[in-house]
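Below: one structure, written as structure tokens.
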Amino acid sequence: MFGKSGRTVKEVIIATKNAGKVKEFQTLFAEKGVEVKSLLDFENAPDVEETGETFAENAILKAETIANYLNKVVIADDSGLAVDALDGRPGVYSARYAGEHKNDKENIAKVLEELKGVPFEKRTARFHCALAVAVPRQRTVVVEGTCEGYIAETQTGTNGFGYDPIFYVPEKQKTMAELSKEEKNKISHRANALKKLEKIWDEIFDTEEQVK
Ligand SMILES: O=c1[nH]c(=O)c2ncn([C@@H]3O[C@H](COP(=O)(O)OP(=O)(O)OP(=O)(O)O)[C@@H](O)[C@H]3O)c2[nH]1
Ligand SMILES: [Mg+2]
């Protein structure tokens, strides 16, 4: 994948335990003939505390910790939802907005409750995704992607994960959870970040042996 001969990558490791993300990366990378592994395959990998104030900081923390642990090139994804009427919340706290136990249903309920009475045109929001690629003990590169939309008043659709059932995508006139995985993977914040990563992939590596 990612272009030039001699730098062919057949497998990538995504430093995530989120099964929804893993599925999306598997679909995104399948087109490139690349197999995706995640922390669901490396159960003893350390837990990384997300202490950063930005998506990029958290992505770097996760990528570098796991890359150093496995001594392999690792990609980490830190992502979330920013709602304008909530001053950008839940932001970096998207996964644990309603509590440390991470519950998508409760997170959605909290956002909908906080937006009660806010008219549709003021319910603008965007998904953010920061992808960090860490080459162990050498360098880390970050790219970011976004996806613009509105927070609906009710949930619709069963695909995707997280806040997808309340994230309305105007150009599709559907929520993200009503889109097929192929459709989501064309327009999502994650797909947009990955497109940027693809463009700079060859520049990340100095020498061939760094890519196994
Ligand atoms: O509706 C959604 N569609 C998406 O496409 C999406 N991408 C991210 N999110 C939300 O943001 C949190 C990430 O937080 P996060 O980056 O810390 O990931 P996580 O804690 O779930 O797993 P890990 O990668 O850290 O192991 C997730 O849990 C979700 O709530 C999304 N919601
Ligand atoms: Mg997390």
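Numbers here mean position along the shown chain, with the first residue as 1.
Any Cβ shown, glycine's included, is placed from N, Cα and C.
Any TrEMBL annotation is an automated prediction that lacks curation.
Long-range Cβ contacts of Asp78 (active site, proton acceptor) within its own chain (separation 6+, distance under 8 Å): Glu50, Gly52, Phe55, Ala56, Asn58, Ala59, Lys62, Val92, Cys129, Ala130, Ala132. Under the DSSP three-state reduction, Asp78 (active site, proton acceptor) is assigned to strand. The active site, proton acceptor annotation in TrEMBL covers Asp78.
Sequence annotations record features per position, and here TrEMBL assigns substrate binding site to Thr16, Lys17, Asn18, Ala19, Gly20, Lys21, Ser79, Phe161, Gly162, Tyr163, Asp164, Lys184, His189, Arg190. The Cβ of His189 (substrate binding site) has 23 neighbouring Cβ atoms from other residues within 10 Å, across all protein chains displayed. DSSP assigns His189 (substrate binding site) to a helical segment in the three-state reduction.
Counting every protein chain shown, 10 other Cβ atoms lie within 10 Å of the Cβ of Glu49 (Mg(2+) binding site). Residues annotated as Mg(2+) binding site in TrEMBL: Glu49, Asp78.
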Residues among the binding-site residues Gly20, Glu49, Gly162 that border ligand 1 - Cβ under 6 angstroms, in sequence order: Gly162
Rounded distance in angstrom between the Cα atoms of Glu49 (Mg(2+) binding site) and Thr16 (substrate binding site): 12
